[in-house]
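One structure is given below, encoded as structure tokens.
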């Protein structure tokens, strides 16, 4: 149902229980794909598949986890955060339980890839959305603490996966994972509804609907039901309004900062996920023991526990206002440069050093990705801009690992993974940094070229600004309807 504010439950009491639930949700969902590399070799052996074919499984899961954002937003608006989180937990559990009975990789793509990925998307995004309504004063702190859930997941999932894999094989392990992911439903139950601020506002809008939504749906219905040619423009207009509302194509065309950032991050994602998927197979292929190879991902997660919240809080300082994009580019550049360490040597000590440096860089990327997006897009369009942003990056997340796996199959050399990842990360960082720098220079030249206002225009402007507010316009009323 529609959510616009919270009364009586903000920043205290049950809000902290909700925060704890969101921490667990992030560990169960965003942290889960990190353990897939542990099963990579076993799946490849059991299904007699190539590196490219096997990598489609985690690629589909991660891509759906990101691309399902707009659908999750619709669920949250219609049914509330609790329903979306619990539905996601149910889908995730069913997907992993079903995957334990798969007889081919194509079936695994559907169950563990699509169904589990979609469930994780619902649970993660709806849980994170609930923090907006439970925290106001401590929202920055709540988001920083919630991000530690990802780090905990990165630390614990690989260790648990390797232990269960050694004890009972990947099928029974996936069955157990299904039961673990059902705990998302428990977390969803904690995100309980809060009281409405005003009953009169509730009566003015039907539950689960937004202003103008009824007219929008009527337009769509008329466009579908009437075969008359005159309704075709109305249908196109209605479709455009829906796309404009949930996928910010107009913002993408008009806002150069959003355009540059979206293209840069989309390009970056072609190489960003590669080390997470191929690091464990690369270490095992180079002679590292399986348990020690799984420990590498856990090292990345453990360091993230401490660095990610600090990075998020540090970027919130006034000193970095307007400079977060360059801090983000620096983190992406460090990610790309760190990959060359793996090419130098595959010894366990060298790989540990690589994981430490990569973890610091990933912490910066994870903490700043959505913060920079907030900087370049107006907040009233952030939701729709986020929808387009996640869909575009999910496309490259889907295609990057299989294409790189194809290169490994051809060359029989895992170094291709790290060279490819470095190319996309470094080029994306340089593209965004130089593009934003050029955009700032262009903006400054434009401001300098504008003629200053003469005294009369300044005087007139001051008179307008000093008019009483009541004579110019009444302040906008704040709508505060909440039903989670």
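Glycine is treated like the rest: Cβ placed from N, Cα and C.
Summarising the annotation, TrEMBL assigns compositional bias 'Basic and acidic residues' to 207-216. Annotation comment: TrEMBL describes 15-445 as domain 'Major facilitator superfamily (MFS) profile'. The region 'Disordered' annotation in TrEMBL covers 205-232. Per TrEMBL, the feature transmembrane segment maps to 14-40, 56-76, 83-102, 108-128, 140-160, 172-191, 260-280, 292-313, 325-345, 351-373, 385-405, 417-439.
Model confidence over the domain 'Major facilitator superfamily (MFS) profile' (15-445) is summarised by a mean pLDDT of 82. Only sequence-distant pairs (6 or more apart) were considered; of these, fewer than three Cβ pairs between the transmembrane segment (325-345) and the transmembrane segment (140-160) are under 8 A, so the stretches are not in contact. When each of 14-40, 140-160, 260-280, 351-373, 417-439 is checked for Cβ pairs under 8 Å to the transmembrane segment (108-128), 14-40 comes out on top.
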